[in-house]
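Visitor: Okay, handing you the structure first.
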Amino acid sequence: MSTHINLVILEDRDADALRIIHALRQAGFDPVWRQVSTEHEYRAALETPPELILADYTLIQFGALRALDILLELKLDIPFIIVSETIGEETAVAALQRGATDYLLKDHLTRLGMTVQNAIQRQQLRREQQLALTRLSISESRFRALIEHSADGVTLVDSYGIIQYVSPATERILGFSLGTFTGAEAISFVHPRDRENVCDLVKRLAPDAGVASIELRVRHQDGTWRWIEAFFSNMLDDAAVAAIVVNYRDISTRVATADEMRLFTDELVNLHHLERRARLHAETLRSANLNLTRSLELDHVLESLFTALMRLVPNTHTQLVLINEGTPSAAYALVPSQSATITSISLDDVDLEASPLAQTILQTGEGCISEDETHIGVPMQAHGNLIGLCLITSYADVKLSSDHLRWVEAVVAQASIAMQNARLFDEVQYARQRLQTLSRKLIQAQENERRHLARELHDEIGQVLIALQMNLRGVGQGQLDAKQQARLMDSSTLVERLIQQVRSLSRELRPPLLDDLGLVPALNWHLDQISSRFAIDIKMTTQLQITRIPAQIELSIFRIVQEALNNVIKHAKADRVRVELRQSEQKLRLIVSDNGIGFETDSAQQRAANGASLGLINMQERALLVNGQFEIISAPEAGTCVCASFGLDGKTR
């Protein structure tokens, strides 16, 4: 859609003005323009200010610089672009300094559209900036009204660290009069031991980094040091503030309480040991999570789970019992002393009823530790369903703790989801294989039925109709009046038409050319039939290195082309179709393209999945059942391209 623009062209050559207008139209503008060449005409044109001025630099009576001066005189903010034959760099700079928006040589009018667009955008930006300044002024007034009545202190510090403003709450917090702060160095009020941290924080505080907080000590008027919690915001680039904003509150009481608590904590916890152990276990859990989500194979999931458990709970024996619908379905064990090999356990050796720990888990649905701290049991749950139990037994006098239980629960929770996904993946794969088998049988049955119907139509019904035609021709020759003779001829014509329709239907159901002569002759016959019946320009090109293609692939390609042409006839509203069949080494590629109205492929795929577009599903299945690949490319008003590729060596393409 063209962009409307109202402009004045300062130009004394009509041909150049028309070239400029042509360039604007080519760039997508719809110009309403007025050409002037004298100062009088120019001033008259400015009485109704245009959106844009395009001016030749030098005219016989009038020039661009004088036109710029008039704009300034009238205080008009209009984009002004110099479009001239030649203009030196110094002259261009001088014009820009006088107020020109941009300049362009007439030899480069192909760039005029972009230059105009940029000029208009810069003007819009200037206006928005002016509006923003007005809003900033209002915002500043509101800001001051808010902070004047805030219970927390607010200080504004410039880029040199000098205090520019403090709120009234600062006097209550630190005891100094407000005049003491203004103009002083902010760091002078900070405790010497906290100054380095404050300086580091301010140095790292980027304009877009949000808010950074720190706790520090500041000097009170009575000589003591008060703890404050300060929040720093870098708003130096904000024209309305132009400072680092510090909000703070007195937390001296809170810090004193925290110091007392820290004394007790330091006596009870060895921070270094806890941090190191937590980091080790966090890394183990992270690694386990990556490994468990990397594969949908059950063996890989089991290996990742047992490896993580060996690291989290060393010197233990782990048993895993998988449960399906409340009954054990498989069991595995890992004994580190036996080369850390995962072994499958016979279900005859699994007796959950004899295990108090297992019974506790089944009853409570939660993990637990045995009273002697030598056993841990954790349920394996996925999507609210119990899918197994993880039972761990320690040896070598290793005591198991609540930390061990928490770690085991974490990794087992991840593994449970992975195992359930692996199980569902196996079920989907099995269902997919069954579906492909059923599809293959269905298509084979369909082809057999087509072949049978074609034979019945040709051999039985066709012969009967031919006999009927012969009888009609022999009835009453020379013995009927004119009216009866006309009716007899009409009946004979109907029978002849029916014979042709039966023959055509028989060939479409199962063209004998496909079996006798191969794919290309059969396609040529079918395309000729469609072209003649529906007045569609259809052409086929082939590049084949072999005479006959495997029969199943020939049949799939023929049916895909047949279905694609049916879609063209029913939906595409196309008058041209191209069919390409090309062979490249052991790969065969089919392309059926049309110039029709096209469609949204995503919605078509969704309709096909819901059973509303069987043609698309049939084409996909035809390709997949011979290990081929299928793709359909289309967009509204862009035609449709059906693509399929097949491996002649039996491999998927």
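Positions of Cβ are set from backbone N, Cα and C atoms, glycine also.
Curation plays no part in TrEMBL annotations; they are all automatic predictions.
Below are the features I grabbed from TrEMBL:
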- 6-121: domain 'Response regulatory' (DOMAIN)
- D56: 4-aspartylphosphate (MOD_RES)
- 139-209: domain 'PAS' (DOMAIN)
- 212-263: domain 'PAC' (DOMAIN)
- 452-650: domain 'Histidine kinase' (DOMAIN)
Visitor: Please compute the mean pLDDT of the model over the domain 'PAC' (212-263).
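Guide: Over the domain 'PAC' (212-263), the predicted model scores a mean pLDDT of 87.
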Visitor: What does the DSSP secondary structure composition of the domain 'PAC' (212-263) look like, as residue counts for helix, strand and coil?
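Guide: Tallied per class, the domain 'PAC' (212-263) gives 12 helix, 27 strand, 13 coil.
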Visitor: Per DSSP, to which secondary structure element type does the residue listed as '4-aspartylphosphate' belong, with helix, strand and coil as the options?
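Guide: Once the DSSP labels are grouped into three classes, the residue listed as '4-aspartylphosphate' ends up as coil.
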Visitor: Cβ distance under 8 Å to D56 (4-aspartylphosphate), same chain, sequence separation 6 or more: which residues?
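Guide: In sequence order, the residues whose Cβ lies under 8 Å from that of D56 (4-aspartylphosphate) (at least 6 apart) are L10, E11, D12, R13, D16, A64, I82, V83, S84, E85.
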